[in-house]
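**Student:** Can you read through this structure? Questions will come right after.
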């Protein structure tokens with residue numbers, strides 16, 4: 001069948017009917033006037049007048065070449081979106097309800113979407129961060145870092161509005177960086193965004209190795225009736241441990257060490273089930289194939305598990321605090337045997353963790369686009385940050401305060417506070433199992449985001465070939481395995497990656513873009529220049545503080 005004799009068909013896209021006879025770049029929706037619709041049902045018959053109009057449009061389409069603009073309907077005759085109908089060649093028409101195919105969320109949904117997106121592995125390191133900074137200083141830093149990152153996130157959200165004479169409705173923050181700084185801004189935002197994603201994937205690998213190890217140990221002890229005990233706590237839900245004996249102030253048996261009975265299988269289990277020597281490599285078998293999937297839509301269905309995990313952690317922290325009680329003794333600048341000072345020089349370690357904990361700047365524009373009431377964006381963003389900050393404070397303060405000192409020192413608090421509870425703890429076992437499953441489903445999503453950002457920029461295709469994707473995944477997985485094998489400290493990994501990506505995407509780029517925008521409009525004043533310059537200095541100091549503190 002030649003091109004001229006093909007039947008004229010229509011295609012439906014985004015709730016509109018398009019005729020194939022028009023130039024694809026200039027196609028317009030075919031419109032059925034409301035008066036030509038018979039009845040007011042979901043499926044309505046098209047009147048004879050509407051059918052005649054359809055035949056006429058089809059006839060003109062056959063007579064006119066696709067490059068001829070003579071019979072193309074002008075823009076002003078195209079009806080408003082609420083008046084558009086989908087026309088079917090079978091003689092029916094369907095009313096299109098609403099012109100925007102993207103659903104809009106109420107404020108409460110937007111607030112909790114931001115909260116759920118920002119809540120991550122940093123919550124497990126919050127008690128450790130407070131211990132590093134000191135109890136009083138740690139609380140102050142959490143509040144101040146929340147306010148600073150909120151303001152910088154606000155500047156990112158408003159950055160698209162400061163660009164005149166350009167439609168920025170579909171822009172993201174990298175597009176804004178490219179507008180102000182050219183290719184350097186585009187690539188720098190990409191690199192630092194990849195740092196945050198790959199850093200999160202490394203932390204996930206370390207935590208998955210940890211959770212899988214403790215889960216397997218719990219099952220082994222249960223099957224073989226291995227009993228573990230310590231000197232603090234009388235039942236399986238009250239025990240708190242100090243994993244490293246050199247941190248125990250008394251250096252005696254108050255620290256619980258994992259052991260198995262001398263039944264001949266213990267040494268074999270220890271050899272093949274090691275948190276750093278074997279488990280990180282076992283995960284390759286499970287996760288590397290998942291990273292090579294072309295689409296990550298299957299794993300996106302399990303994102304709700306993140307919310308459930310955080311809710312359960314809050315319940316677990318509350319229950320442990322009630323059972324253990326509070327153990328606080330204020331020493332403002334001098335440490336004691338069981339307690340740390342209220343103000344410590346190691347506080348930059350907490351600021352590094354918080355930079356990543358409050359980091360949502362690279363996707364806040366997208367999240368806020370779906371807010372139903374755009375005029376409430378600033379309010380909703382502020383409420384979301386308030387909710388996140390209160391969650392971090394709640395978990396960090398309660399675990400630090402409830403940590404039993406004496407008999408254990410506050411220095412025993414681990415970067416992952418779940419490590420301070422034995423593998424035999426049933427409630428903690430359930431938390432580790434849920435987090436392991438949740439991270440197993442989120443890890444491929446993070447890998448997909450890395451692939452989309454990197455491959456899309458380098459090759460213009462999110463999946464150029466299996467070989468390209470496989471090499472990228474080998475690099476990402478290898479980074480996780482190496483860190484889990486030689487440096488499984490999630491607190492330090494989080495603070496380093498947070499300080500690096502936060503330098504550009506939290507402090508420097510939003511501040512510079514705002515100052516440049518004000519300067520171009522002739523509205524830059526010295527108080528604003530000093531304040532935003534101070535934010536840039538803070539970002540640099542935060543990064544250098546990770547290496548010298």
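Quick reminder: no glycine exception, Cβ is built from N, Cα and C everywhere.
Automatic, uncurated: that is what TrEMBL annotation is.
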**Student:** Check each of the ranges 249-268, 529-548 against TrEMBL and return the one annotated as transmembrane segment.
**Tutor:** 529-548
**Student:** For the transmembrane segment (187-207), I need the partner stretch with the highest count of C-beta pairs below 8 angstroms, choosing only from 272-291, 426-446, 493-517.
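**Tutor:** Most Cβ pairs under 8 Å with the transmembrane segment (187-207) come from 493-517.
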**Student:** If we skip the immediate neighbours and take only residues 6+ beyond the ends of the transmembrane segment (303-326), which ones have a Cβ under 8 Å from one of its Cβ atoms?
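**Tutor:** Distant Cβ neighbours of the transmembrane segment (303-326) are 112, 116, 119, 123, 237-238, 240, 391, 394-395, 398-399, 401-404, 421, 427-428, 430-431, 434-435, 437-438, 441-442, 445.
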**Student:** Report yes or no: does the transmembrane segment (346-368) come within contact of the transmembrane segment (380-403), defined as 3 or more CB pairs under 8 Å with a sequence separation of 6 or more?
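**Tutor:** Contact confirmed: at least 3 Cβ pairs fall under 8 Å.
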**Student:** Among 272-291, 380-403, 426-446, 466-487, 493-517, which stretch has the highest count of C-beta pairs below 8 Å with the transmembrane segment (529-548)?
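**Tutor:** Answer is 493-517, with the largest number of Cβ pairs below 8 Å.
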**Student:** Please list, for the domain 'Amino acid transporter transmembrane' (110-219), how many residues fall into helix, strand and coil according to DSSP.
**Tutor:** 96 helix, 0 strand, 14 coil
**Student:** Taking residues 6+ outside the transmembrane segment (426-446), which of them lie with a CB under 8 Å of any CB in it?
**Tutor:** 197, 200-201, 204-205, 207-208, 210-212, 214-215, 218, 236-237, 286-287, 290-291, 293, 296, 299-300, 302-303, 305-306, 308-309, 312-313, 316, 319, 418
**Student:** How about long-range neighbours of the transmembrane segment (272-291): same chain, 6 or more residues beyond its ends, C-beta under 8 Å?
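**Tutor:** Contacts with the transmembrane segment (272-291): 205, 208-210, 212-213, 216-217, 220, 299, 440, 443-444, 447-448, 469, 473-474, 476-477, 480-481, 484-486, 488.
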